[in-house]
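Notes follow once the structure below has been shown.
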Amino acid sequence: MITPQQAIERLISNNELFYDEMTDLMRQIMRGQVLPEQIAAILTGLRIKVETVSEITAAAAVMREFATKVPLENAEGLVDIVGTGGDGAKTFNISTTSMFVAAAAGAKVAKHGGRSVSSSSGAADVVEQMGANLNLTPEQVAQSIRQTGIGFMFAPNHHSAMRHVAPVRRSLGFRSIFNILGPLTNPAGAPNQLLGVFHTDLCGILSRVLQQLGSKHVLVVCGEGGLDEITLTGKTRVAELKDGKISEYDIRPEDFGIETRRNLDEIKVANTQESLLKMNEVLEGREGAARDIVLLNTAAALYAGNVAASLSDGISAAREAIDSGRAKSKKEEFVGFQPQQRCHFLGKMELG
């Protein structure tokens with residue numbers, strides 16, 4: 001067992017923590033057994049030293065261990081569409097829009113997200129703005145996935161142990177290991193993922209982490225300029241985990257017959273209301289940059305979720321899902337989802 005003080009000493013000496021040590025330390029943090037000042041020192045030490053694949057893997061495994069899970073009989077076909085945030089791009093909610101298009105094209109989407117930290121609109125903000133219920137129980141999220149093909153998991157509802165860390169993170173004011181742990185800890189256990197990151201170095205790192213955590217088919221992407229999505233403005237770095245192996249390559253919009261844009265101004269928004277408006281325009285079939293970036297990211301989600309055989313096939317499926325009106329209908333179905341209620345008779349008989 002490693003004590004918090006021993007961990008701090010190791011980190012300030014620029015030495016990494018071994019997997020078992022990081023596991024033990026993270027469990028202590030999640031149980032509330034580490035002082036806030038010590039957590040701050042640990043997060044600072046990890047950031048300065050730079051977190052290793054082993055340290056991130058251990059921390060993510062413990063967060064999964066402590067998470068309130070979504071009870072699904074079979075999570076094999078699930079895909080998560082998520083980003084680390086932190087890119088400062090102020091774009092509309094691309095991955096959330098892609099969630100509806102992907103589900104309309106046949107994917108089972110288990111999306112994990114929270115409120116805005118650095119963006120104009122977080123995934124949870126826009127889901128709430130459209131009228132959906134953020135506070136479903138884990139059982140109700142599972143119902144939603146079975147019934148609509150989409151489950152949205154509001155991160156604070158599934159990671160209550162993070163209450164021991166949240167005040168420290170806010171007070172530090174810089175990115176820490178926890179900024180990349182959230183997307184690695186899907187409570188529904190989705191084995192397939194489109195994961196956007198804010199730096200190209202993280203593509204290789206997080207693909208290796210997810211490999212060690214047992215993920216099946218993952219695309220970790222970083223758009224030119226640090227966008228945590230597949231971008232329209234140039235190349236996107238991709239690290240793909242498939243069949244246990246990792247390959248890295250670059251893609252560009254023109255590879256798929258999509259116009260490269262000079263900038264992202266057309267898809268920037270100031271707040272959640274503007275983001276929802278942009279989302280609705282895409283789902284209603286309006287042409288433009290917003291539609292194009294959703295096509296690219298939906299294609300990657302469909303490919304990661306093994307619904308499409310390739311990114312090119314994914315583009316075609318995404319386009320058809322929008323143009324047929326099915327993507328718009330899928331959003332309405334998700335927002336209108338009403339969980340089945342169990343009936344209790346005299347506190348003894350349960351029907352349902």
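Cβ atoms are placed via backbone N, Cα and C, with glycine included.
Noted in Swiss-Prot for the protein shown:
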BINDING   Gly83, 86-87, Thr91, 93-96, 111-119, Ala123  5-phospho-alpha-D-ribose 1-diphosphate binding site
BINDING   Gly83  anthranilate 1 binding site
BINDING   Ser95, Glu229  Mg(2+) 1 binding site
BINDING   Arg169  anthranilate 2 binding site
BINDING   Asp228, Glu229  Mg(2+) 2 binding site
Inset, instruction - Rounded to the nearest Å, what's the C-alpha distance separating Gly83 (5-phospho-alpha-D-ribose 1-diphosphate binding site) and Asp228 (Mg(2+) 2 binding site)? Just drop the number here, would you? - result: 6
Legend entry - Coarse DSSP state, helix versus strand versus coil, of Arg169 (anthranilate 2 binding site): helix
Inset, instruction - Please work out the number of neighbouring Cβ atoms within 10 Å of the Cβ of Gly83 (5-phospho-alpha-D-ribose 1-diphosphate binding site), leaving out its own Cβ. - result: 25
Inset, instruction - Please report the number of other Cβ atoms within 10 Å of the Cβ of His112 (5-phospho-alpha-D-ribose 1-diphosphate binding site). - result: 26
Legend entry - Entries of Ser95, His112, Arg115, Arg169 which, being binding-site residues, have CA atoms within 10 angstroms of Glu229 (Mg(2+) 1 binding site): Ser95
Inset, instruction - Spatially speaking, which of the binding-site residues Thr91, Ser95, His112, Arg115, Asp228 is closest to Arg169 (anthranilate 2 binding site)? Use C-alpha to C-alpha, please. - result: Arg115
Legend entry - Integer Cα-Cα distance in angstrom, His112 (5-phospho-alpha-D-ribose 1-diphosphate binding site) to Asp228 (Mg(2+) 2 binding site): 15
